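Student: Below are the features listed in TrEMBL for this protein:
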- 25-43: transmembrane segment (TRANSMEM)
- 29-439: domain 'Major facilitator superfamily (MFS) profile' (DOMAIN)
- 155-177: transmembrane segment (TRANSMEM)
- 183-204: transmembrane segment (TRANSMEM)
- 246-266: transmembrane segment (TRANSMEM)
- 286-303: transmembrane segment (TRANSMEM)
- 323-342: transmembrane segment (TRANSMEM)
- 348-369: transmembrane segment (TRANSMEM)
- 381-401: transmembrane segment (TRANSMEM)
- 413-435: transmembrane segment (TRANSMEM)
Amino acid sequence: MPLQSALSLDVGPEAASQVPACCSARYNLALLAFFGFFLLYALRVNLSVALVDMVEPNTSLAKNTTSNVCPEHSSTINVPRNTTGKKYSWDADTQGWILGSFFYGYIITQIPAADLGVGYLIAVRALEGLGEGVTFPAMHSMWSSWAPPLERSKLLSISYAGAQLGTVVSLPLSGLICYYMNWVYVFYIFGALGVLWFFFWMWLVSDKPETHKSISRTEREYILSSLKDQLSTQKSVPWRPILESLPLWAIVVAHFSYNWTFYTLLTLLPTYMKEILRFDAQENGFLSALPYFGCWLCIILSGQIADHLREKQNFSTVCVRKCFTLIGMIGPAVFLVAAGFIGCNYELAVAFVTISTTLGGFCTSGYSINHLDIAPSYAGILLGITNSFATIPGMVGPVIAKNLTHNNTVGEWQTVFYIAASINLFGAIFFALFASGEVQDWAVSGYHFHRN
């Protein structure tokens with residue numbers, strides 16, 4: 001029997017309406033996860049803004065000069081700038097390694113460690129990445145027990161949208177902190193907020209509905225009944241079928257491709273704003289955050305639309321996942337390439353980069369949660385596999401981009417955009433050809449390939 005039909009018997013719209021979203025345990029989990037990923041990305045991207053203020057201006061000029069193609073576009077700011085922050089003599093290549101070091105820990109502590117040397121700073125960023133690397137697989141694993149199938153797009157888009165809002169807030173706020181205070185406080189403030197969130201998470205969250213202290217009986221039964229035919233009871237992990245699964249490798253390719261563009265912009269957009277468009281560091285933070293604000297809105301809206309199409313319009317899961325992934329990867333590729341051809345038109349450059357990043361938000365309801373569609377019981381493991389490959393762009397992307405933009409010419413940055421767009425296009429096509437929306441037969445014991 002198709003799973004969609006089975007769900008209509010037990011957990012269809014009628015059953016769901018009896019378990020309201022407001023104040024429910026599953027949506028409380030989504031909100032706490034939202035704030036967690038907010039801080040996760042705030043801690044991840046604050047260095048990309050602080051680094052602009054940490055490096056001596058004449059250091060980069062030796063190998064990475066500011067472009068004179070575009071006129072200075074900074075507005076006059078009357079408030080005196082704080083200049084007490086220590087400066088370091090790091091060239092462009094060193095800056096690229098610092099920005100990429102986070103992802104070396106991410107694939108396998110947030111303190112300002114620069115005084116102990118660039119090597120120590122890279123090591124600390126790698127340790128931070130090591131700590132943050134488990135968050136997405138762990139969250140996917142939790143949602144495999146908490147998210148009813150027809151609410152997956154909504155719940156996961158809410159929780160993961162926090163990452164985008166964290167970027168939105170962290171970029172301009174880090175710029176303001178650097179401008180008015182000192183770059184060291186960028187690390188102290190966000191680190192303290194992360195510790196505070198941790199206590200709330202440990203107090204209010206449970207791994208599964210069965211162990212939650214305050215969940216209602218109706219909601220618990222609704223969640224468990226919706227997942228009863230999708231979870232596996234076998235204790236051993238079917239590694240060989242997992243690694244031979246073509247739908248999994250479709251997610252791997254899409255995840256890798258999307259992250260190449262995302263991480264390139266995430267770590268280097270402040271530099272592009274300063275060196276090419278020539279915005280002031282304070283103004284830089286606000287404009288660098290604008291694309292991610294658009295992405296945050298798109299993630300929230302696309303999650304609602306995706307589940308509406310599946311539940312109300314009877315669109316198949318695979319159709320929704322493929323369509324949203326195509327929009328979220330081909331759209332950004334087009335506008336990213338266009339951004340390299342508008343010269344010094346500042347408004348159009350910001351608009352194109354913003355549209356590019358905004359459209360990428362569709363991927364959250366596309367490939368990004370497809371792990372839960374094909375193997376809910378092993379969603380955390382699958383995300384660990386795909387995220388390991390998808391972290392490689394964060395490791396090598398900033399280094400490659402910095403090496404390609406030593407002279408900071410528009411042509412050099414066009415090359416960076418070309419590479420990102422080409423990889424995005426390939427990933428979108430590969431996912432569209434080989435993705436699946438069905439629970440795989442190896443993922444559920446005693447369950448034979450029901451359609452999701």
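From the backbone N, Cα and C atoms, a Cβ is placed for every residue, glycine too.
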Student: Given pairs 6 or more apart, does the transmembrane segment (286-303) have at least three Cβ pairs under 8 Å with the transmembrane segment (381-401)?
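Tutor: Touching, no - the transmembrane segment (286-303) and the transmembrane segment (381-401) miss the threshold of 3 or more Cβ pairs under 8 Å.
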Student: May I ask which of the stretches 25-43, 246-266, 348-369, 381-401, 413-435 has the most CB pairs under 8 A with the transmembrane segment (183-204)?
Tutor: 25-43
Student: Give me the stretch from 25-43, 246-266, 323-342, 348-369 with the greatest number of Cβ pairs under 8 Å to the transmembrane segment (155-177).
Tutor: 25-43
Student: Residues of the same chain, at least six outside the transmembrane segment (348-369), with any C-beta under 8 angstroms of its C-beta?
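Tutor: Those are 152-153, 156-157, 160-161, 164, 250-251, 254-255, 258, 261-262, 265, 269, 277, 287, 290-292, 294-299, 302-303, 305-306, 320-329, 331-336, 338-339, 342, 431, 435, in sequence order.
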Student: Among 25-43, 323-342, 381-401, which stretch has the most Cβ pairs under 8 Å to the transmembrane segment (246-266)?
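Tutor: Of the candidates 25-43, 323-342, 381-401, 381-401 scores highest.
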Student: Sort out the residues at least 6 away from either end of the transmembrane segment (25-43), same chain, that have Cβ-Cβ distances under 8 Å to it, and list them.
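Tutor: Result: 110, 128, 132, 135, 139, 142, 146-148, 151, 155-156, 158-167, 169-170, 190-191, 193-194, 197, 200-201, 204-205, 209, 212, 214-216, 219, 223.
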Student: What same-chain residues lie close to the transmembrane segment (323-342): Cβ under 8 Å, and 6 or more beyond its ends?
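Tutor: 254, 257-258, 261, 302, 306, 348-349, 352-353, 355-357, 359-367, 410, 413-414, 417-418, 420-422, 424-425, 427-428, 431-432, 435.
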